[in-house]
Structures are given as structure tokens and as C-alpha cells.
Amino acid sequence: MKKETRLEPPDGGWGILVCVGMAMPFVSGLGALPSFGLVFGDFLKSIGAETSAIAFITSAFFCAFSFAGLFSGSLFNRFSVRAIGLSGGILFFAGCLMQIFVRSTWDLLIAFSLIQGIGFGLIVPTSYTTFNNYFVKKRVMWMSFAQSLIGLGTMFYPVLMQKCLEWYGFRGCLAILAAINFHAVLGMLLMQPVEWHMRRVPIDNQEMMENTKSMQPVVTDNTQEDPNFLSPLTYSRKSSQKLSRENLRKLSSRSSSIASLGNWSGPVVVSDASPQMVNVLGSRRHSAAISNKSMPTSVHEEPKRSVWNIIVDFLDLTLMKKPIYVNIVLGISFALYSDIAFFTLQPLYMFHLGFDKPDTANIIAIGAAADLGSRVFLAFLAMFVQMPSRYIYLAGAFFTVISRFVFLTAFDFKGMAIITAVMGFLRTWIHVPLPLVFAEYLPKDRFATGYGLFMFLQGNIMFIIGPAVGYLRDRTQDYVLTFHCLNFFMALCAVPWILEIIFVKFRRRTKIGSVNEPK
């Protein structure tokens, strides 16, 4: 008798090369912005641009990056993910190649901000979408591995750029940088479709019985399902059946942990979505089924849609109606801005306190080393402890708020080094789980559009609040007040998320209690 088998993602194998391919362009893209002034400072000074031009060029880079991310999900639906990633890698390399011949600020704006920004904006969602497809049970561990490679590369990136400027001059340094950035194309070539590397796993008798039990029809609250309508939790070639409330709760609890996301079990696939998103998909598809039933069968022409409806469907803007998604996007956007701005101002604050350059450099290096060590620690921790990525992110934001209050009480080298190491260690918890937070909440087919929409909103939020905080700092000349303002933005991530968890848990217990009450 032939034994039944099922296909599942490799959770390793070629996925390890996907991690390496993701690290290649990320090192160049994330390392280029902090080193931009180092590489182009003297050139901009020679043409009379300097500081204002750097701020404008980097802001334009984020703008192009955000818009490219916004359209990436829709492009994935029309072309392959790998093709879009390769296009981004080629644009990223072409923009760097054009920088060798720049003569003015406008040349740099086109080459770096526009072309490289669009290229990197296509690379990021491609990398995270491919990673999300390859890993199910070991996402945190392998994401920490990839982020460790990125952190290691970005640590040495400024040193390499400084040496290249000394040895080969400005144009020679840009030529070497273009050769390094060509690895973005090689990295995107490694983003092979997961279907090429799926592994067959035998199904034992117990698992077959569990699958049989799970193939019961699904019912959403206060709705009457169409018998031919496929539920968001199960997929079968036969007509969709209805799940009991007990099985729905079991599947919801399974999808809430990192290790259980997207478990592919033969003909039945558990969706890569949180319980809240499952309800959203159910109601969305149910309404679509009802509308299809209400249409006359004799009419074959599709109803005309407005331009706004076409844009909403193209960009999947219906996600903005989901309070949990909006809470995730706003929280992460505020936390990222707070993190970037804080560590940008920290050296200036230390100079203000009287620290010299060697001590400041040593303290910053200690924070970077703690960040790298935390990435390795998180990778090993994920091998033994399974925790939702959003909880990891929430813990990082919460303890960062506390550590920054302690930071403002440190005035000597030892105290500043210790608290900087603590903040560097916590910084990993904000950066590493970021894409996994969206992978847990969104189903796989909406991950690319959902993450691209986040990129667009995040870029615009940073573009709006960045100048406001800068104006506050210039107007008051008070670093402590500015740091409190940045800490407030970090708290805008932690506090609403905690309130959401309390509200959702309470509502869920109330619903379960009402179901269990005897009639």
C-alpha cells in the first residue's frame, strides 16, 4: 500500500541561501544611509551643497523606497516574485553605477534617491515574501541568522568605505561600491520559488485522522454560509464544509504561534493568518459570495467599477479598515522612527555632555556589539522557546522605553556604556521580528501587499514627524526634551498594543463564555 505524503516548506535547505541572498543587498542598502555623508560629504561640499542636500537626498530615497513598496504586492500578482526582485536588484546596481559619473546634486538625486530607492523598495518585500514562504517552524531562528549577517556587514561597511576613500579616492570608492552592490542581483537570483524546493513528508495515521477531523464545515458568527463557498481556514478540491466552534478555536490557537504558521497538511492548508484576520477574510469572502448569488445568471458582463475601487483593489487598501492592522502599522512606524532618531542623536548628546570622540566611538561600538550579540542570542533562543513575534516586538518596545529613562541619568563612561549595551541588546527585538509580525497577522496571499502598504505609510509617517522633532530640537536646544519626545513615540507602540491585547483577550473570553453557557 502506497503511503500518503504531503508537501511542506523546507524550513532550511535552499532557504539558508535565501537568508544569505537577503543579507547581500540589505548590507549595502542599510549601510549606505549612515555612510552617505562619509562618502559624499566632500563632494557635496565642493559643489556648495552640504547638509541641506544630504537631508533632501536621503528623504527622497525613503520616498521612492516607500512608493516602490506600495506597488510591489500588486506587481507580485502580475509577475513572479523573483522577477520583481531581479528588477529591483538591477535598478539598485544601476543606480550605484551611475553615481560614479555624478557632477551635481540632481545627478545624485536621480541615481541614488530615485533609481536606488525604487530598486531597494522592490528588494525588501521580495526578500521577506520569499523568506516567509520558505520558513514556517523556524522563522525567528533563521530571521535572526539573516539579521546577524546584516548586522555584521553594516558594522564593517563604514570602515570599508573610509579605507576605500583613502586608498582609491572618491570615484574609485564609488566603483568598488558598485561592484559590491552587484551582489544585490546575485542575492535576488537566490530567491527561487519555494515550489522548486518543497519536501515530501510521509503522513502517519494519527495525522491523517486529525486532517479528517479538521475537514469539518466552517461557520462564522451570525452568518449563513454558501455551501459552495470555500472557508478561509481550509482548502479542498471538494466543496467547503463547516467547522465547529471548537475546531475553529483549535486552529486559531495553532496559527497564533510562530512554529505553527502556514502548516501545510496535504489537501488541507491552515492559513497564515491570525484569528482576527481569519474572521476578516471570512466576512469579506462571505459578502462576496452573497453578492455573486444575488446577481442574475443571465448577465455575463461585469459591473463597471469606479477608479477609486480599482485603486483600492490594486493596492489592497481594504486593510486600512482593519483596526489591528492599523495598530500594527502605526506602532511599528513610530517605534522605528524613534529608534533611528534616538541613535542618530546619541553621539551629539554625548558630545554635549563632554565625552570626547574616542570614548563616544567606543560606547557606540559597545552598543553595536550588543546588538549583534542579541541577534545571535535570539536565534538560539528561538530553537527552544516559541513565542509570537509581536510579543517579542512589544517586549523590545516596552523595555526600551524604560531603559531610555535610565539613559538620561547616566553621565559617566561606565554608566553610559552599560545602558547603551542594554539599549543595543533590545534594539534587535525591534528590528528582527518586524517582518514576522506581519507574517503572523496576514495570510500569505496578502503578505506582500500588506507589507508594501506598511512601507508606504511608514515612509510618509517618518517624513512628517521627522522635521517636527528636528524643529523642536533646533528651537529648544534641549536634548533631554527631545529624547522624551522620542520616548513618547516608542510608547505609542507599546501602550496601544498592550491595550489591544487586553481588549482582544477579554472579548474572546466573553465570546467563549457565551458559547459555553447552557441554553
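For all residues, glycine too, the Cβ spot is worked out from N, Cα and C.
Note that the coordinates shown come from a computational prediction; the quantities given were computed from them, not determined experimentally.
Under the heading domain 'Major facilitator superfamily (MFS) profile', TrEMBL lists 17-511.
Residues or ranges marked as transmembrane segment in TrEMBL: 12-33 (among others). With a threshold of 8 Å between CB atoms, the same-chain residues lying at least 6 positions outside the transmembrane segment (12-33) that come near it are 58, 61, 89, 92, 96, 116, 120, 123-124, 127-128, 130-131, 134-135, 138, 142-143, 145-146, 149-150, 153-154, 157-158, 177, 180-181, 183-184, 186-192, 196-197, 199.
Within its own chain, the transmembrane segment (53-71) has Cβ neighbours under 8 Å at 33, 36-37, 40-41, 44, 88, 105, 108-109, 112-114, 116-122, 124-125, 315, 451-460, 462-463, 466, counting only residues six or more beyond its boundaries. The transmembrane segment feature in TrEMBL is assigned to 53-71 (among others).
Same-chain neighbours of the transmembrane segment (83-102): 25, 28-29, 43, 68, 72, 75-76, 108, 110-112, 114-123, 126-127, 130, 171, 174-175, 177-178, 181-182, 184-189, 191, counting only residues six or more beyond its ends whose CB sits under 8 Å from a CB of the stretch. Sequence annotations record features per position, and here TrEMBL assigns transmembrane segment to 83-102 (among others).
Annotated transmembrane segment per TrEMBL: 108-128 (among others), in sequence order.
Here TrEMBL flags 140-161 (among others) as transmembrane segment.
The transmembrane segment feature in TrEMBL is assigned to 167-190 (among others).
Look at TrEMBL and you will find 324-343 (among others) tagged as transmembrane segment.
What TrEMBL lists as transmembrane segment is 363-384 (among others).
Feature annotation from TrEMBL assigns transmembrane segment to 391-411 (among others). With a cut-off of 8 Å between Cβ atoms, the residues of this chain six or more beyond the transmembrane segment (391-411) that come close are 140, 331-332, 335, 339, 342, 353, 378, 418-420, 422-423, 426-430, 432-434, 437, 480, 483, 486-487, 490-491, 493-494, 497-498, 501.
The transmembrane segment annotation in TrEMBL covers 417-439 (among others).
For 451-473 (among others), the entry in TrEMBL reads transmembrane segment.
Annotated transmembrane segment per TrEMBL: 479-504 (among others), in sequence order.
Among the listed stretches 108-128, 167-190, 363-384, 451-473, 479-504, the one sharing the most Cβ pairs under 8 Å with the transmembrane segment (140-161) is 363-384.
Only pairs six or more apart in sequence are counted, and the transmembrane segment (108-128) with the transmembrane segment (451-473) gives three or more Cβ pairs under 8 Å, enough to call it a contact. Below 8 angstroms of C-beta separation, residues 17-18, 20-25, 28-29, 39, 42-43, 82, 85-86, 88-90, 92-93, 96-97, 99-100, 119, 123, 126-127, 161 of the same chain, each at least six residues beyond the ends of the transmembrane segment (167-190), sit close to that stretch. Sequence-distant contacts of the transmembrane segment (479-504), counting only residues of its own chain at least 6 positions beyond either end whose CB sits under 8 Å from a CB of the stretch, comprise 276, 324, 327, 330-332, 334-335, 337-339, 341-342, 345, 348-349, 352, 390, 393-394, 397-398, 400-401, 404-405, 407-408, 465, 469, 472-473. Residues of the same chain lying 6 or more positions beyond the ends of the transmembrane segment (363-384) and with a Cβ under 8 Å from any Cβ of it are 138-142, 144-145, 147-148, 151-152, 155, 258, 343, 346-347, 350, 355, 392, 413, 416-417, 420-429, 432.
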